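Accompanying notes for the structure given below.
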Amino acid sequence: MSEQTKTTIKDAAISLFYAKGFHGTSVRDIARKAGVNPALISYYFGGKQALFESLLIDFFEGYVKTMETAAREPNGDPIGSLVELFKKVLLYQQSCHWLARMAHREMTLDSTLVREVMSTYLRKEQHLLEQAVARCLRRQGEPLAADLIVVQLRNMMTLPFSSPQYLRELFLLTPADEQFIERYGRHADEWIRSLLSSLEQRKTMVVRLTS
């Protein structure tokens, strides 16, 4: 019963934090939506701030675990592995899109919590993406640093869930829809392969000019 109550409280908090933000949501709001006594929020989580932090950690734990699992899967094609990692992270964010937006929005702020999340989870994310991109570049003999490619890749991977209203209002796209993920995943596949192929072509051209 206690685990079910905690899940109910978390679900209520996610929907309210998503819609009204942290400061616009009170403990009583969460308790009312969850149908529980407000005292249970302090009992299970230690208060609104601690509940919010718990949700943020839940999201990034799953986010990084999804990446780590995808990165470990055997695949003789480094580019294909990178594409699959990208798609699986999209699906993870879609599965908890309210929480994803809340978490990504929070990461635009400067706070002790954000710095802790960056040093723990986003540092792992950076490492995993850099490794995946570097494997693709090494395979092609491309000496170009992977950092800006990682920045582009990461932004493309998170923007649909950090800015869903932008996509809905201007492009009539809904990141929570399965059709969007399928279409976006195909586009990402083409973009990643095209980018890395263009780097290979540029490398070949440089070799010819210098030989």
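Placement of Cβ uses the backbone N, Cα and C atoms for every residue, glycine included.
Mean pLDDT of the predicted structure over the DNA-binding region (26-45): 95. For 26-45, the entry in TrEMBL reads DNA-binding region.
Residue counts of the domain 'HTH tetR-type' (3-63) by helix, strand and coil are 49 helix, 0 strand, 12 coil (DSSP-based). For 3-63, the entry in TrEMBL reads domain 'HTH tetR-type'.
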Chain residues outside the DNA-binding region (26-45) and at least six past its termini with a C-beta under 8 angstroms from it: 2, 5-6, 8-9, 11-13, 15-16, 20, 51, 54
